[in-house]
Amino acid sequence: MDPRKVNELRAFVKMCKKDPSILHTQEMRFLREWVESMGGTATQKAKSEENTKEEKPDSKVEEDLKADEPSSEESDLEIDKEGVIEPDTDAPQEMGDENAEITEEVMDQANDKKVAAIEALNDGELQKAIDLFTDAIKLNPRLAILYAKRASVFVKLQKPNAAIRDCDRAIEINPDSAQPYKRRGKAHRLLGHWEEAAHDLALACKFDYDEDASAMLKEVQPRAQKIAEHQRKYERKREE
């Protein structure tokens, strides 16, 4: 047999091994029938594997899209976002050294800084107030009210994330004080975190009723309830 034809046949067989689906084309029907008449089988395994490989990314993309794409049940929730702002991204503020030694003299110095900070706040000098409250915190980092006061200034500066950090610290020191919950509730409201805002403002009113906190609670609570009800409805749909 012509060696050239043998080489061509060898190349063709190699190609068929790589992609047996070639044997399933109409023009190769005669060869497929001959293979089967000899007791062999001409499967499409390689082709199907190739198709699977080609289809898998599409399937994966489709699954990802389905996961990322909110269902009609999720996307039909409309909440009034009036007053919601973009989150602040400043580096975390100084929190002081909680292991610092605090003498009576240091406490007096911290109190002087606090008084000066409140005066600056009353004069509308917000950044000066922040700086003075920070000085007070560095002197007495275990006094919850200092963090709550500084948080109130951060809220005025529309820096809710900074306010939340201060409130978290204040609550860690004294979890029974109303002020940190009130400030944190206001900060969450600025970010559109309705459920968190409602939770904190409700606690603030529970610890020490405040008309301002109560008024804001009445504003955010319907939105928080709407979200909670929507989530329950969505979960029931998924369980079905």
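These residue numbers are counts, starting from 1, taken along the chain as shown.
Glycine is treated like the rest: Cβ placed from N, Cα and C.
Among the features that Swiss-Prot reports, region 'Disordered' is placed at 38-94 (among others).
Taken from Swiss-Prot, the feature compositional bias 'Basic and acidic residues' applies to 46-69 (among others).
Marked as compositional bias 'Acidic residues' by Swiss-Prot: 85-94. Proximity of distant same-chain residues to the compositional bias 'Acidic residues' (85-94), defined by a Cβ-Cβ separation under 8 Å and at least 6 residues beyond the stretch ends, is recorded for 130, 134, 137-138, 150, 158-162, 165-166, 190-191.
Beyond the repeat 'TPR 1' (110-143), the same-chain residues lying 6 or more positions past its ends with a Cβ under 8 Å from any Cβ of the stretch are 93-98, 100, 102, 149-150, 152-154, 156-157, 173. Swiss-Prot lists 110-143 with the feature repeat 'TPR 1'.
For the repeat 'TPR 2' (145-177), the model gives a mean pLDDT of 98. Annotated repeat 'TPR 2' per Swiss-Prot: 145-177, in sequence order.
For the repeat 'TPR 3' (179-211), residue counts in helix, strand and coil come to 28 helix, 0 strand, 5 coil, using DSSP. What Swiss-Prot lists as repeat 'TPR 3' is 179-211.
Here Swiss-Prot flags 220-240 (among others) as region 'Disordered'. Listed by sequence, the residues of this chain that lie at least six past the ends of the region 'Disordered' (220-240) yet keep a Cβ under 8 A from its Cβ atoms are 71, 73-74, 77, 79-80, 185, 189, 194-195, 197-199, 201-202.
Annotated compositional bias 'Basic and acidic residues' per Swiss-Prot: 226-240 (among others), in sequence order.
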